[in-house]
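Taken from TrEMBL as is:
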| type | residues | note |
| --- | --- | --- |
| DOMAIN | 58-85 | domain 'PLD phosphodiesterase' |
| ACT_SITE | H63 | active site |
| ACT_SITE | K65 | active site |
| ACT_SITE | D70 | active site |
| DOMAIN | 242-269 | domain 'PLD phosphodiesterase' |
| ACT_SITE | H247 | active site |
| ACT_SITE | K249 | active site |
| ACT_SITE | D254 | active site |
Amino acid sequence: MHRELIAAARRGVHVEITVDGYGSADLTPGFIAAMTEVGICLRMFDPRAKLFGMRTNLFRRLHRKIVVVDGARAFLGGINFSADHLGDFGPTAKQDYSVEVIGPVTRDIQRFALASIAATEPSRLWWRRRHRVLGNGRQPTQPSAEGSARVLFVTRDNRSHTNDIEEQYLEAIRRARRRLVIANAYFFPGYRLLREIRRAARRGVEVELILQGQPDMPIAKFGARLFYEYLLKDGVLIHEYCDRPLHGKVALADDEWATVGSSNLDPLSLSLNLEANLIVRDRAFNRELSDRLERLRRHHCRLMTKERIARDTWWRMPLAFLAYHALSHFPAWVGWLPAHSPRVEILQYPRPDGGDNLHRPSP
């Protein structure tokens, strides 16, 4: 990917990249310089200095994974630009999902991407920001007319779209009549989502969850297991993926609705991070995703039963009770956290003045 981005810039493609300050804190000067020297504009979202060797910008992260090419093709999902998301990384390579989109919705994604970049530029250059959002006078390649899927691009931010992705999930779960499948890396849902999942199972919907069996962060597995007892009682089928770490964030309902994106079903994604999902209404897409998840469930997962988790139920149940009810108030508690407007800084290597690698635009 690094090599191809540099090659694109050398042949005259305008390349702009924004990376998260938490997830990309360890980019080396050489890695950055190889891109910036050929004209790639590389921005870092909310970079923070480490404190005692620990990254401090965990909250309100840029968690979206979006690529737009010529305004005609887009890629969106949970896959990071990271070695551990490659199949040849080894046994700890992450299981994940992303989609390629060609069609009118790519224009929405491009406008959003350009607006996100423009919003970080100096306020005194308002007219340039508007020029950028309008596409700098360049018309995107006309997307293919093929395909009949209905696709909605949904984002989450900390301003005017705080609950959009969660609301899409809630609507799909409430409307489900036959089946609901959720595969999610970090499953620690809030009160409303958990309630609707349980209600769906009670009214006869076949509800299946595919969750972490070998997580990259053990707390993710512990958090999800707090709810197993509640969910199993209502007839929810829970499968733990044990082949490698699961990083996917996908779901499907009945025979038409599906979603692929960056949003986990946990407090960080639903209440703090910047996220992006695609909502797809298409039987063929739903069927393909269903087939992939079925193969995953059948060959690489273990079914969690009451007997399997019974040996440690006595100490988990009090925690589950507290967590279940505490999460109903979590979004309100988030509002009391010290808020800040994350800054976006342009990375530049090498600096001709001998300074650091960050170009800080005026506020």
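Glycine is no exception: its Cβ is also placed from the backbone N, Cα and C atoms.
In TrEMBL, annotation is done automatically, which means it is predicted and not curated.
Bear in mind that the values here come from a model prediction, so they are computed numbers and not experimental data.
Everything TrEMBL records as a feature, shown here on the structure.
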residue	record	Cβ neighbours (10 Å)
H63	active site	24
K65	active site	21
D70	active site	14
H247	active site	24
K249	active site	28
D254	active site	16
Just to verify a number: CA distance, K65 (active site) to K249 (active site), in angstrom, no decimals.
12
How many Å lie between the Cα of D70 (active site) and the Cα of D254 (active site)?
34
Kindly assign K65 (active site) to one of the three DSSP-derived states: helix, strand or coil.
coil
May I ask for the distance between K249 (active site) and H63 (active site), taken between their Cα atoms and rounded to an integer number of Å?
12
When DSSP states are grouped into helix, strand and coil, how many residues of the domain 'PLD phosphodiesterase' (242-269) land in each?
3 helix, 12 strand, 13 coil
D254 (active site) to H63 (active site): how many Å between their Cα atoms?
28
Whole-number Å value for how far H247 (active site) lies from H63 (active site) (Cα to Cα):
13
